[in-house]
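**Q** Mind looking over this structure? Questions follow.
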Amino acid sequence: VGPKKEVAECKEKFASSVDPTVSQTFMLDRVFNPEGKSLPPMRGFKYSSWSPLGCDANGRCLLAALTMDNRLTIHANLNRLQWVQLVDLTEIYGERLYEASYKLSKADTPRGELGDFSEFQRRHSMQTPVRMEWSGICTTQQVKHNNECRDVGSVLLAVLFENGNIAVWQFQLPFLGKESITSCNTIESGINSPSVLSWWEYEHNNRKMSGLIVGSAFGPVKILPVNLKAVKGYFTLRQPVVLWQEMDQLPVHSIKCIPLYHPYQKCSCSLVVAARGAYVFWCLLLISKAGLNVHNSHVTGLHSLPIVSMTADKQNGTVYTCSSDGKVRQLIPIFTDVALKFEHQLIKLSEVFGSVRTHGIAVSPCGAYLAVITTEGMINGLHPVNKNYQVQFVTLKTFEEAAAQLLESSVQNLFRQVDLTDLVRWKILKDKHIPQFLQEALDKKIESCGSTYFWRFKLFLLRILYQSMQKAPSEVMWRPSHEDAKILISDSPGMGSTEDDQEEGTSKQASKQSLCNTGKGMDIDDAADDSIPQSSDIGGREPMEEKLLEIQAQIEAVEMHLTREHMKRVLGEVYLHTWITENTSIPTRGVCDFLMSDDGYDDRTARVLIGHILKKMNKQTFPEHCSLCKEILPFTDRKQAVCSNGHIWLRCFLTYQSCQSLVYRRCLLHDSIARHPSPEDPEWIKRLLQGPCTFCDSPVF
């Protein structure tokens, strides 16, 4: 709010002021006085907001976090289980205001000095965040120096401040830090005591419109236009639209915007729902030839206490609300000729978890789970001495519904539907078989469509089935062992084993390890509770081992099919982006020979493509060489390369190059490894290296 020395002097002046309206206001306001002397320290978070998927360097979400001492920062999960702060927006915004003399525009009249308490309050309120929300990803075209156009993604972060102003930050994707900030514009909302913020994004006749919905602690709700001049194909409102104007002292707690399709009007529409006290305010926005139609009303009789949390399933429009007494309401919108109505039903958490108090709810991305934060409720009319906060999960879909949604999905990405796959996984682990209807439906999809998504889904099912049939480990695999496992066999008492016995034991251990590795990416300890007891007699063990070997063979066959499909894609990129006899770092000849080495593999597309590439290579082979001994690295295995001197290098599953460095990346489920892009790589190889895992759709770290 000003130079450090001047701020310290002003604080001392206000704290010791003779006027109690100044001194008491200053001492009790934690924004001015974060230390608080005898008051508890300001630790923890006020609010957090997740960006859409695909905003960070790994194609995952960014996290905007607002701390209790009003500092807004953005974090990213750059390495596995490691969160890094990328930027402090509070500091950057404060510097911008300082340079502009705390004026939002040049036309603003100069205000008073910092020593004036009202000016001191104004400077704090204009940069104290209340809420922040991310927009959807916008795509713009950027013209390069050679007149080529490339698509550049950007995302907006709207930050609502105490004085009603909204700062709209535009970030270029992938977001790397301060250098990725494109612009920052401030909008004056004109709302007193703002409490909540949400993006309004509406698509009409392939034209995307956007705005910001702002709610007040006094009751009003309105949409503000957001002018996105730099974003082509985006439009906004001409003027603000008031959705609710009554100052009825019902504070707006939460706002959700749900895109829906109107079955009677045959067009897309936008449903805005807001929690106001114990009621749900809804507003249906629909663009017709007459203009913007607004229908609004309240849903009453839901809760006897104020709504503490609200969430929405954006796929079907279902809204969930909860109050602190452990009651959750499910509201299903039903369209009528004019507007809509809600059917609601009560979900009593006390029947599932016992007497609980609820503090918040959230629905998973595909609507499979409802997460509920609870503490113990009253027991015999008494409150508990200690509060133990727990996150409980309630399933909202059956296994059959989850499987059907995965089969008919338009997303075709297992990682983005992980809540649905978790329901399927749990069912197979429990029953120890893949249901017949799912197997038949998946085979039909593979025959009719042939998309690699269904092959990946099949691989997922086979791996879970394999895991469910494995013998439960005697101890938890993730727990580190503190015992020294190394013993000298000849010195240990009572061990008169021969070399043959030792070799047999080693081979058994190796085969067991190879079986365990097939189920990579799955939680081994989850299967411990559900695995079936194996019979001690040989007759009971042999059928199980045969079944495991059969499933393992199916897994390897599906993995090989997915590998070949990706090899074809890599070869297609090589053919499109290379000249005659050009040496790329990709082992093109080795990949071609590997594809054609199997006599049973007869793919006309692959043969034609390989023929064109070999003609372009003009009898050149361009083999890879071992960096240690300079020997040729033959392409005999898709997972690793071994030179004649026995040096082993792992292969990148995205480009099939050998990773001849100590640092490489791995997919989230540890299926495969990939190399880091190097500066000399052309753009098309860097684009290949940005892809997800070809087996499980997971991002690569």
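First residue shown is number 1, and so on along the chain.
Every residue, even glycine, has its Cβ placed from backbone N, Cα and C.
Take a look at what TrEMBL says about it:
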COMPBIAS  507-517  compositional bias 'Polar residues'
DOMAIN    6-397  domain 'Transcription factor IIIC 90kDa subunit N-terminal'
DOMAIN    398-475  domain 'DUF5921'
DOMAIN    618-668  domain 'Transcription factor IIIC putative zinc-finger'
REGION    488-541  region 'Disordered'
**Q** Determine how many residues of the domain 'Transcription factor IIIC putative zinc-finger' (618-668) DSSP places in helix, in strand and in coil.
**A** 0 helix, 15 strand, 36 coil
**Q** Where does the mean pLDDT land for the domain 'Transcription factor IIIC 90kDa subunit N-terminal' (6-397)?
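**A** In the predicted model, the domain 'Transcription factor IIIC 90kDa subunit N-terminal' (6-397) has a mean pLDDT of 89.
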**Q** DSSP says what for the domain 'DUF5921' (398-475): how many helix, strand, coil residues?
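**A** Breakdown, helix to coil: 57 helix, 0 strand, 21 coil.
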